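Enquirer: This is the feature table in TrEMBL:
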- 1-28: region 'Disordered' (REGION)
- Arg191, Arg489: substrate binding site (BINDING)
- Glu207, Asn209, Glu406: Mg(2+) binding site (BINDING)
- Glu207, Lys348, 402-411, Tyr413, 438-441, Glu464, Lys491, Glu497: ATP binding site (BINDING)
- 263-345: domain 'Glutathione synthase substrate-binding' (DOMAIN)
Amino acid sequence: MSSYVTTPHHHHHHGCCSGSRRLQAPAPPARPRLVVAAAARHVALPPRRAVASRAMSAEAPLGVAPAAAEEEMAAVVDEMAEEAAVWCAVHGLVVGDRAEPRSGTIPGVGLVHAPFALLPTRFPASFWKQARELAPIFNDLVDRVSLDGEFLQDSLSRTRQVDDFTSRLLDIHAKMMEVNKEEDIRLGLHRSDYMLDSGTNSLLQIELNTISSSFPGLSSLVSELHRTLLNRHGKVLGLDSKRIPQNWAATQFAEALSMAWTEFNNKRKTLAQVEAEGQVLPDGTLVVYVSCVGMKAGDGQTVSVVYFRAGYSPNDYPSEAEWRARLLMEQSSAIKCPSISYHLVGTKKIQQELAKPNILERFLNNKEDIAKLRKCFAGLWSLDNEEIVKTAIEKPDLFVLKPQREGGGNNIYGYDLRETLVRLQKEQGEALAAYILMQRIFPRASLTHLVQGGVCFEDLTISELGIFGAYLRNKDKVVLNNQCGYLMRTKVSSSNEGGVAAGFAVLDSILLTDEYGLET
């Protein structure tokens with residue numbers, strides 16, 4: 001859900017095989033080239049050829065040449081990194097640069113390429129199929145749970161006592177329940193995040209995002225970047241670009257928004273004639289004006305769809321004015337993406353509640369769908385569970401402690417997790433309700449070329465797959481319930497956090513393999 005992408009100023013290389021290469025522009029007329037920089041440190045890792053082998057395997061189709069010799073591979077990597085940086089600039093795979101003070105204030109100033117992996121990550125086709133099939137089921141689940149206001153209020157009642165932000169959201173939700181506000185048209189743009197757990201050889205859910213599900217635009221571009229690179233260099237690498245799935249996330253999210261507008265049923269204008277205009281509210285929320293019915297805007301125009309690009313963090317509400325704006329939008333007849341109830345369904349506590357026995361049956365009837373969801377649930381516990389808390393204090397590396405926050409950089413691991421649990425136990429207050437405990441997932445690490453801030457380097461990495469989903473319902477008619485594209489994030493395995501915007505990860509795509517599980 002991160003709203004700003006940056007690259008970190010410092011990066012610790014967990015295992016650097018051959019040093020870093022920095023994209024530099026020598027004096028004209030020489031063309032820019034990659035220059036080998038000194039390695040931060042050297043660790044015994046597999047030879048260079050193994051770097052590309054995370055995407056190469058025996059599953060490569062017949063007729064594709066085997067992996068190139070080590071020297072040839074080095075030259076290809078250099079060439080690809082340079083081509084990729086140019087491609088990013090030409091195709092808009094760029095983000096704001098926090099090192100440039102004017103970035104974000106003057107158009108076209110302070111942009112850098114988004115951090116990316118040079119080659120796509122190998123991903124078994126069986127798990128890809130499983131993740132895609134889960135998307136419409138989760139979309140449906142979010143909608144069903146959102147209709148049960150009592151469940152949301154009850155499940156989050158203890159959290160609200162210790163978390164002011166959740167409490168304010170629940171206040172807005174309660175006001176909507178009091179007036180029995182009907183939301184005939186419901187729009188959800190979601191992203192469910194997963195990792196492959198090497199211990200159990202299974203696809204496990206990290207979290208479900210129901211507000212500001214970020215990166216449909218950049219993730220679509222990274223897939224295209226990798227396809228372009230493999231179309232040119234695939235033979236020498238032993239890789240087939242056709243094994244990178246198409247990723248239309250940005251287009252399909254845009255289509256979902258336009259379909260929501262259509263459902264709003266403005267008969268005086270066709271969609272092609274609408275001039276969409278926007279306004280950023282004080283809390284950073286983007287309001288899109290594309291209709292003649294709904295919430296009145298200050299300039300006399302009307303709003304049909306409100307899309308929240310912000311609003312999921314306490315920082316987005318610095319004063320009461322922002323909370324009043326959020327309530328005003330919720331009270332309006334405009335379609336909210338998300339509505340307050342959809343927003344609450346995406347909280348960590350609700351994720352933990354839904355993993356309890358017999359809770360999914362409260363919302364879903366299809367036993368096959370329920371089984372598919374349960375299969376991807378990792379272990380989730382409240383801190384009321386004394387036995388699991390005791391285990392987590394003894395073996396903190398097997399768990400993650402999560403507060404009710406979105407956007408990355410908030411989770412607690414290892415020694416800090418143990419210390420936090422010991423402190424919370426001593427306090428014996430309601431503060432326990434502000435957190436959930438989650439089973440830590442251990443993906444298999446692989447050696448990868450990463451490109452950040454013009455520097456190409458190798459490191460051991462793990463990856464997280466996010467599947468985008470779009471859901472649109474008008475009264476009893478489900479207009480849209482689709483999986484629509486994906487986000488692959490790859491991060492250095494020594495880093496606990498995984499957010500691209502927070503500077504922990506790079507954008508990636510996937511290369512489908514025929515292997516069933518995680519075995520090499």
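Backbone N, Cα and C define each Cβ position, glycine as well.
All TrEMBL annotations are machine predictions without curation.
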Enquirer: Measure from the CA atom of Arg191 (substrate binding site) to the CA atom of Tyr413 (ATP binding site) and give the result in Å, rounded to a whole number.
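Expert: Cα of Tyr413 (ATP binding site) to Cα of Arg191 (substrate binding site) measures 24 Å after rounding.
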Enquirer: Roughly how many Å lie between the Cα atoms of Lys491 (ATP binding site) and Arg191 (substrate binding site), rounded to a whole value?
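Expert: Cα-Cα distance, Lys491 (ATP binding site) to Arg191 (substrate binding site): 18 Å.
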Enquirer: Drop a 10 Å sphere on every Cβ of the binding-site residues Pro403, Arg489 and tell me which sphere holds the fewest other Cβ atoms.
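Expert: So among Pro403, Arg489, the binding-site residues given, the one with the fewest Cβ atoms within 10 Å is Pro403.
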Enquirer: What is the nearest of the binding-site residues Arg191, Pro403, Arg440, Arg489 to Asn209 (Mg(2+) binding site), using the Cα of each?
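Expert: Ranked by Cα distance from Asn209 (Mg(2+) binding site), first place goes to Arg191.
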Enquirer: Have a look around Asn209 (Mg(2+) binding site) and count the other CB atoms within 10 A of its CB, chains all included.
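Expert: Around Asn209 (Mg(2+) binding site), other Cβ atoms within 10 Å: 22.
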Enquirer: Using Cα-Cα distances with a 10 Å cut-off, which of the binding-site residues Arg191, Pro403, Arg440 are near Glu207 (Mg(2+) binding site)?
Expert: Arg191
Enquirer: Please list, in sequence order, the residues in the chain of Arg440 (ATP binding site) that are at least six apart in sequence and whose C-beta is under 8 Å away from its C-beta.
Expert: Asp397, Leu398, Phe399, Val400, Tyr413
Enquirer: At a 10 Å cut-off from the C-beta of Arg191 (substrate binding site), count the other C-beta atoms across all protein chains.
Expert: 26
